[in-house]
Amino acid sequence: MTDLAATTSTAAPVADRRHIARYLPGYGVYAAVAALLAFNAAFTDHFLTVGNLRTQLIQVAPVVIVALGMALVIGTEGVDLSVGSVMALAAAVLPLYLGYGAVPAIAVALVAGVAVGAVNGALVAVVGLQPIVATLALFVGGRGLALVLADGQLKQLHNAALLAIGSDDVLGVPAVVLIAAALAVAVGFVVRGTTFGRQLVAIGGNRVASQLAGLPVRRVLCCTYIACGVFAALAGVLATARLNASDPSALGNLMELSAITAVVVGGTPLSGGRVRVLGTVVGALLMQLVRATLIKHDLPDSTAQMAQAVIILVAVYVARERKSR
Amino acid sequence: MADTHPAPTATPGRTERAAALVQRHGALAVLLLGAAVATGAFPSFGTLDNTHNIAIQSSFLAIVALGMTFVIISGGIDLSVGSVFALGGVLAAYASRWGLLPALLLPLAVCGLIGAVNGVLVARTRMPAFIVTLAGLLGARGLLLAITHEGSDTFLVPKGSAFATLGQGTLVGFGYPVYIALAVFGLGGLVLRRTRTGQSLFAVGGSEDAASLMGLPVARIKITVYLLSGLLAGLAGALNAARLSSGVTILGVGLELDAIAAVVIGGTLLVGGAGTLSGTLCGVLLLGVIQNVINQIGSLNSSYQSVVSGAFLIVVVVAQTYLGRTQRIR
Amino acid sequence: MSPIAELVGVSKRFPGVLALDNVSITLARGEVHALVGENGAGKSTLIKLLTGVYTPDAGEIRYAGRPVSFRRPLDAQAAGISTIYQEVNLLPRMSVASNLYLGREPRGRFGLIDHRRMYADAAALLSQYGIDVDVRAPLQSLGLGAQQMVALARAVSVDARVVIMDEPTSSLEPREVDTLFRVVRDLRGQGVAIMYVSHRLDELYRICDRVTVLRDGRVVHTGPLAELDRLRLVSLMLGRDVAEVRRHGLTRFSESHTAAAGEPVLRVRDLTRRHVLSGVSFDVRPGEVTGLGGLLGSGRSETAKAIVGALPVERGEVTVAGRRLRRLSPAAAIRAGISLLPEDRKAEGIIPELSVRENIVLAAMPRLSRVGVVSRAQQDRVVDLFMKRLRIKAASPDQKVSELSGGNQQKVLLARWLCLNPKVLLLDEPTRGIDVGAKAEVQQLIDDLAQEGLAVVLISSDLEELVEGADRIVVLHAGAVVDELAGDDVSESHLMAAVAHDGEAPE
């Protein structure tokens, strides 16, 4: 028996070349952020000041929150294009219910996110549509609905409690940043430590095998899209609170792209089966830093957009290389 | 022998035929119904003026949707057309100072190039089309901003120039862009139905594996499709600029969604492999009629348009899925 | 007979597998050449080399006397090698005529497709094959047999000199098979070389002139089919060649399980799915290993999948320990105590991105967590237990499962199912593609499990494994149970005879 056992060898460690290919998409984002920070510390005036870093973090917080939800969806080998529209919808719903107080209004906004997520989830998990197709409808209709609800108008908001969320500090840190951080920790825990999170990753990794292993594939998929919708709605609420105004026509435009970029740049492959929560947060930070750096160096918005386009393509390309088995 | 299975049904049943019929002519039926109802409800709807109006307003979306139909039939998607449309308009207005030909060629060249880049990336790198073209959306919008000094410059089309006439002139009441749109649809239909490339589109969209096993040049077909989509979006943008007499930078946001909605409502399968240009035309006109009706009501927010499009999209796509299941034998 | 296509000393290696090992095969003009072998023998690799999907690592492909290298399928097609696949590889939504002429449609004025001529040509072409259909109708409106004929007509009308047919009859009716064979004979008369891949022995004997048998990536026999009787052919395919008989008792199975007694814990009744299963019924008792025998395509794996609800059936019921499953679904099967180790480890088993630990606890996760929060301690206990018991060799439970050897991956999957504590364990090819040592361990384990009173269903293409491992063998053919061997009848010769009963199987 022992000699038989000896012939069973563990697979040899992967070759060096493949190591680089493997770690580049996974950890390249941290290196890039470090390099950008170093560059700015050396060449950009007033970059590493508390004030500037605060601004950057506040600006990135909604993107981080949306990207966390998007990371979950992408982990299931899906994608949610409707997140920007959900943000707009949340922004549109808020002023309608602010009369009852901030909490009910926020609750209703979040319910709108749940509703959109439930429709997306049902279309993907029950009807069996491709995720892009399924979420496209609410990408189109969601913003329209938001504009209809808000009558296409920008509305100034005067609810103190709501505005406080957008502008107040807790222990010297902006509340929106704290919320984003708390959510990141929570999502990290869900992904790593709960049956739901592990089942989600397993379904993204191999749906057939998960089904054969008796996993509740439909339920997990539905819940994932609902989570993504709620996160987007929350981001919409926070962004609105910060703006002091509900602006459903502009809020969340191209957010799906920013969120997908953050997720992919952070090392979560579009092909699913893995969710990198910290990577997603850092990915969002990276894109924010790129934009900030370009702006600080007087490079126009147009350059920033084109740079973002290139970064997305490179990140997706690199990630694609790895998964091609 | 164990070969006692009943013979598979060789002829489609009634439900399957009905499903095929709904899929093919559903958009036309809804369009006619909608137009009839609107004519009854609003006296100003059925007037000749209003008809001209709907036609010219739909013509730009129609040209964009034509390219989108090609892309979607081939199994892809092109989210960049809205930005490319706006870019085409700005470039055309910019070049219009040198005459008609530059005003058309410059946008076509640049937009065609963007489409070709999209196509090469989709066909050669196996990156998902929606990501590639989302990046294209961003890149084209960035390029547009760079050309116009971050949107602060607006290029004007010289008054009375041949290019301006192209956008503003009319023939028996209908604007020239309407005829151009019809012409490209005719040409597109000919390409789709009567050329090997056109037929190959259906094959690539139906099953890429089968298409390449049949020896069809899959990569070349895909590149061609995105190239065409870029060209058509650029053309539509140029014509729109001619009509408005200026290259408006903020145009085209969300146009890709209208185009996709029109294509899908027209019965083209979002998964690829099936679709008709006549359906797309019906889809475009349906959206045009809805928009027009919303305007007629007046008190309604114009955003109802996209709510209706979104609702239509869900209904159509879900219906397609179930109809497809009915039609599948086996 | 002059050769048209030849493989000379061709080898093809994939990561971890030598798929073809120095294979030579000659296709002559005007012959129908059977290519047979069990799963993993290398048939599909060989076809893909001939059709330009793969290029050989070593050796040479000759075509019409000259060495060639096909870089892509298009090259092979242009040279005159056409393939028709088991699954019809056409465009179901396009018209029949388009499917025949895609990429080479007849063109008229201005280079535009001449639809009228295309339809006329298509109708004329198909009528040669005895098919009278509306060539304008979408292909999907045709029956599968007709679709297959369209595929064949397309393949042949591209001036094919070599036609490769991969399981062309798997979904055809007997009448359609007759038509197909008539066409095949016509083609042979015209000097076309046909490579015919099938598991249906009676078909091979009806139509083929010569045969090449592949096993484990090597050619084990090639020669006229008429000189080979069925039993001998089956023995070649299954590796029980007289010259290759290995020492008896290499497998780790004990003689038989005396524990096998009492009421059946699993009752399968009348599982039916058109073209796949027809009325499969059998019982499995605790403490017994029940084998499912039959050639590839006989419905072995499909039966297992149907039992756990992974393959929808039109009829049939499954009863576990006296309780009938109301709805067949993987989750319900697991709750009832049935576990299936699926055949395709990569596609249906492992989750490559996840660790060994997570792959093991995947199915049992809800049981190993409290209010949805994974309990690491409980997991570790289970993972540790099974990694020890199954001797899973991994650097740590946190190693990615895709980095393990095939044998260890298989053990991880076994652990996944065993930690559910099932009543019935269905094992589909549990030792395929794993090394000798792991194979022996897995066989030993199966034995132990049965001794402990588990009901085991074993599916294996390895005749020796099946005969030595199983106490009883249910033999399937064309999706139906045709024989059941028990006691002294569980022997290789009996099993081979039962399996080879092709075409004469009792209904």
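Placed from the backbone N, Cα and C atoms, the Cβ positions cover glycine too.
What TrEMBL says about this one:
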- A:27-44: transmembrane segment (TRANSMEM)
- A:56-74: transmembrane segment (TRANSMEM)
- A:81-100: transmembrane segment (TRANSMEM)
- A:106-125: transmembrane segment (TRANSMEM)
- A:132-150: transmembrane segment (TRANSMEM)
- A:170-191: transmembrane segment (TRANSMEM)
- A:220-239: transmembrane segment (TRANSMEM)
- A:302-319: transmembrane segment (TRANSMEM)
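Residues 61-63, 65-66, 68-70, 72-73, 75-76, 78, 80, 82-84, 86-91, 94, 106, 109-110, 112-118, 120-122, 124-126, 162, 165-166, 176, 179, 183, 196, 199-200, 203, 251-252, 255 of the same chain lie 6+ residues outside the transmembrane segment (A:220-239) yet bring a C-beta within less than 8 angstroms of a C-beta in it. Taking residue pairs at least 6 apart in sequence, the transmembrane segment (A:27-44) and the transmembrane segment (A:56-74) share fewer than three C-beta contacts under 8 angstroms. Outside the transmembrane segment (A:106-125) by six or more residues, the chain places 78, 80, 82, 85-86, 89-91, 93-94, 96-97, 131, 133-135, 137-138, 142, 162, 217-219, 221-234, 236-237 with a CB less than 8 A from a CB of the stretch. If one looks beyond the transmembrane segment (A:302-319) by at least 6 residues along the same chain, the residues whose Cβ comes under 8 Å of a Cβ in the stretch are 24-25, 28, 257, 260-261, 264-265, 267, 269-271, 287, 290-291, 294-295.
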